[in-house]
Amino acid sequence: MANIRKSHPLLKIINQSLIDLPAPSNISTWWNFGSLLGICLGLQILTGLFLAMHYTSDTLTAFSSVTHICRDVNYGWIIRYIHANGASMFFICLFLHVGRGIYYGSYNYLETWNIGIILLFAVMATAFMGYVLPWGQMSFWGATVITNLLSAIPYVGTSLVEWIWGGFSVDKATLTRFFAFHFILPFIITALVIVHLLFLHETGSNNPTGLNSNADKIPFHPYYTIKDILGFIIMFLFLMILVLFTPDMLGDPDNYTPANPLNTPPHIKPEWYFLFAYAILRSIPNKLGGVLALILSILILILMPLLHTSAQRSLMFRPIGQCLFWILVGDLFILTWIGGQPVEHPFIIIGQLASIMYFLIILVLMPLAGILENKIMKL
């Protein structure tokens, strides 16, 4: 009689995805981030569920309900801070996961890559709406500024913004619908994650060399389950250090002031994980141009497979491509820093140069490096 995990209709799927899955023998720690993202998502849904039990999505009580969670609910403070800082861990893992995909040419698995981009947009939308919920100053003004960007759309822009707001400004209707969407989106994300994995398991995982690894596969369990558990422990260690020692390090002090539509904070900025895109948005003086650049800064990932000119899949044996990749990483750090700075000299020009570099590296220099490396290989 066959083992139950191999014969049971439901356990069979889990077995083929997590236990007997043939995995390349040489995948490095960079392949840990997929499972870490799964853990982050589960953690966010769990902590979010407990927060939703005590939160009220009303402009009059939202701020005080968050205070109530921190002061009066049993371990409410730690649930709230795990949720808030868990989002930061989520984005750290997300950026490293996407970076790994770019470095090792994983974007050549088209379906997996495109679902991943949809997931990135969905997670960003969820995080943005979650930031609005505590109804502090930065929540309110962040929501006002970001939703207002849609008014740059010709002809229908203003109507679209008022439709999203549910009125003529960010108010009770906006907060209520943002809470509803913030609650439902993680479950949609979970469904998309399953599709993401489904497409990945059609082709099997990529590996650092970018070569076909069918001749050398090992079972996922116990090798990579143990490796993933080590990753979980390290991530939880970092998360708990953040939560227990400096829970407000990544937040904004302005969010401890209740939302006031009559008082604008001196520097409106989103959470740190959106700052690179925010810097690109601000570097273009035209409103519509800025919005398009903001969207393109993420949508550019769709073009990755089309811009791949190299005969090799991975950057592992491509020194010129590697240099450009790490310059791009440095450029993203500069953009993140600029996004948090006031709009004044010299930050404006630095942001504009960094934005030009971002698009130049991805659209022009990386494809040219691929062509050049192909020619060097033939010498």
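Just so you know, the numbers here start at 1 and follow the chain as drawn.
Note: Cβ is positioned from N, Cα and C throughout, glycine not excepted.
Feature annotations, courtesy of Swiss-Prot:
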BINDING   H83, H182  heme b b562 binding site
BINDING   H97, H196  heme b b566 binding site
BINDING   H201  ubiquinone binding site
TRANSMEM  33-53  transmembrane segment
TRANSMEM  77-98  transmembrane segment
TRANSMEM  113-133  transmembrane segment
TRANSMEM  178-198  transmembrane segment
TRANSMEM  226-246  transmembrane segment
TRANSMEM  288-308  transmembrane segment
TRANSMEM  320-340  transmembrane segment
TRANSMEM  347-367  transmembrane segment
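Among the binding-site residues listed here, namely H83, H182, H201, H201 has its C-alpha nearest to that of H97 (heme b b566 binding site). At the 8 Å Cβ threshold, with sequence separation of at least 6, the transmembrane segment (113-133) comes into contact with the transmembrane segment (288-308) through 3 or more pairs. Taking all protein chains in view, 21 other C-beta atoms sit within 10 angstroms of the C-beta of H83 (heme b b562 binding site). Long-range Cβ proximity for H182 (heme b b562 binding site), meaning a same-chain Cβ under 8 A and a gap of 6 or more residues, is found for G48, T126, M129, G130, L133. According to DSSP, H201 (ubiquinone binding site) sits within a helical segment.
Sequence-distant contacts of the transmembrane segment (226-246) (same chain, at least 6 residues past either end, Cβ-Cβ under 8 Å): 29, 32-33, 35-36, 39-40, 78, 81-82, 85-86, 88-89, 93. Taking the binding-site residues H97, H196, H201 in turn, the residue surrounded by the fewest other Cβ atoms inside 10 Å of its Cβ turns out to be H201.
Mapped onto three states, the DSSP output places H182 (heme b b562 binding site) in helix.
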